[in-house]
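Here is what Swiss-Prot says about this protein:
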type     : residues : note
COMPBIAS : 22-38    : compositional bias 'Polar residues'
COMPBIAS : 53-67    : compositional bias 'Low complexity'
COMPBIAS : 135-176  : compositional bias 'Polar residues'
COMPBIAS : 493-505  : compositional bias 'Polar residues'
DOMAIN   : 173-211  : domain 'EGF-like 1'
DOMAIN   : 212-336  : domain 'SEA'
CARBOHYD : Asn151   : N-linked glycosylation site
CARBOHYD : Asn169   : N-linked glycosylation site
CARBOHYD : Asn193   : N-linked glycosylation site
CARBOHYD : Asn206   : N-linked glycosylation site
CARBOHYD : Asn284   : N-linked glycosylation site
CARBOHYD : Asn332   : N-linked glycosylation site
REGION   : 22-67    : region 'Disordered'
REGION   : 133-176  : region 'Disordered'
REGION   : 493-512  : region 'Disordered'
SIGNAL   : 1-18     : signal peptide
TOPO_DOM : 19-421   : topological domain 'Extracellular'
TOPO_DOM : 443-512  : topological domain 'Cytoplasmic'
Amino acid sequence: MKAIIHLTLLALLSVNTATNQGNSADAVTTTETATSGPTVAAADTTETNFPETASTTANTPSFPTATSPAPPIISTHSSSTIPTPAPPIISTHSSSTIPIPTAADSESTTNVNSLATSDIITASSPNDGLITMVPSETQSNNEMSPTTEDNQSSGPPTGTALLETSTLNSTGPSNPCQDDPCADNSLCVKLHNTSFCLCLEGYYYNSSTCKKGKVFPGKISVTVSETFDPEEKHSMAYQDLHSEITSLFKDVFGTSVYGQTVILTVSTSLSPRSEMRADDKFVNVTIVTILAETTSDNEKTVTEKINKAIRSSSSNFLNYDLTLRCDYYGCNQTADDCLNGLACDCKSDLQRPNPQSPFCVASSLKCPDACNAQHKQCLIKKSGGAPECACVPGYQEDANGNCQKCAFGYSGLDCKDKFQLILTIVGTIAGIVILSMIIALIVTARSNNKTKHIEEENLIDEDFQNLKLRSTGFTNLGAEGSVFPKVRITASRDSQMQNPYSRHSSMPRPDY
């Protein structure tokens, strides 16, 4: 046992000597040397918690080691030794040497619960500026435990660390245009997960270059699913539509002639085919096809080739309609079909915004300069018409050209709004009707009250007369309220009531 302790002390002395030599140098240079035999791991009186496996051996491949020699060190921790293929790492912060085990090769017989793999962490120390390669242990449960130079078995390394793994996730960018893949001052247009390069008008992108070509505008009808949204230009469905149209034109004209197809607008419409399914619809796609400048195709041949390809295939395309190139640029028809958009003459109602633009657009709306009088402003009275100087709403121009306020009941532009007048008339009539109804209600109520008072007076009078008759002493009052009592007399039997109508002599006879 004493012999082992003496050997350990000798090893520590040699380590201190190597450490002093390393501190005098400015940098540590590493070279690759082949290690043929295993090195016995050892530790000083400060124990380091490293995984150990008793009575295990492993074949060790060669690893890069430091230039300073490292003698074998006998472990005093236990009776078993741990063979390690890696050379010991000499620390510049303490007097102990920490052997770090690494992974064994395919012939290793080490237990599966022991060390599995080993990655290399490059750590830089802020104190001495030295860089050391420290192997970090990887347990079987995929937990990383990097080793530092301060005799610690876990925790993050000091300084800047770079971890190198064998598997790298090389996923592409989420935005295809973020790396600016388009050259020659072209624009990168993003779709869903792909993109294409767009050049100036009349040019197409080919081999990282914008080349001049012939422009053939038109419209093509394509069958799409019911859920297709033409506004979602970054959707997968829109990307498929762009790819389908591009493939059609590339197959029709060939790669030597075909340049590029640009989608301008996409509009939805009802399907003209009755045999289509209910969940299908078609869209009208306004496109511009650019062919090589040396092509012999014209507008007629281009239309014929495309429609022929549509009829002969069972694709989702319905038909292709040509748009004249001169109409596309807004120019008058020329003999060369407006091949040079900059040289064509604009139509009468259009103008070129600048000499470098091939398109003729509608003239800008400009108000007359003299429209600065009182109660006047620049207005567009007709849809699509030119602006003109007119009176503001509520005023009307007189014979002298001055703006006068509208008459009562009129308002709006040029005093054509009669709403106020109509409202006044209707309100007046409604007021009269309501007032008449109120008066009639009052009269009716007073009439009912007057009739009720007359009946009460008649009842009072009858009661008064009955009381007056009772005071005379007559017991046989007259019938039906008569003040004269009836007297019964006996009439003679011989005398008969004479009917006045029976005396014909005294009565004139009727003449009928």
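Even glycines carry a Cβ here, placed using N, Cα and C.
Positions of the features from Swiss-Prot, shown on the structure.
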residue : record                      : DSSP (3 states)
Asn193  : N-linked glycosylation site : coil
Asn206  : N-linked glycosylation site : strand
Asn284  : N-linked glycosylation site : strand
Asn332  : N-linked glycosylation site : coil
(request) Determine the Cβ neighbour count for Asn332 (N-linked glycosylation site): the number of other Cβ atoms within 10 Å of its Cβ. (result) 15
(request) Report, as a single number, how many Cβ atoms besides its own are within 10 Å of the Cβ of Asn284 (N-linked glycosylation site). (result) 16
(request) Output, ordered by sequence, the same-chain residues six or more apart from Asn193 (N-linked glycosylation site) with a CB under 8 Å from its CB, or 'none'. (result) Pro176, Gln239
(message) Cα-Cα, whole number of Å: Asn332 (N-linked glycosylation site) versus Asn206 (N-linked glycosylation site)?
(response) 31
(request) Could you tell me the mean pLDDT over the topological domain 'Extracellular' (19-421), as a whole number? (result) 68
(request) Quick one: pull the CA-CA distance for Asn206 (N-linked glycosylation site) versus Asn284 (N-linked glycosylation site), whole Å only. (result) 27
(request) Please report the number of other Cβ atoms within 10 Å of the Cβ of Asn206 (N-linked glycosylation site). (result) 18
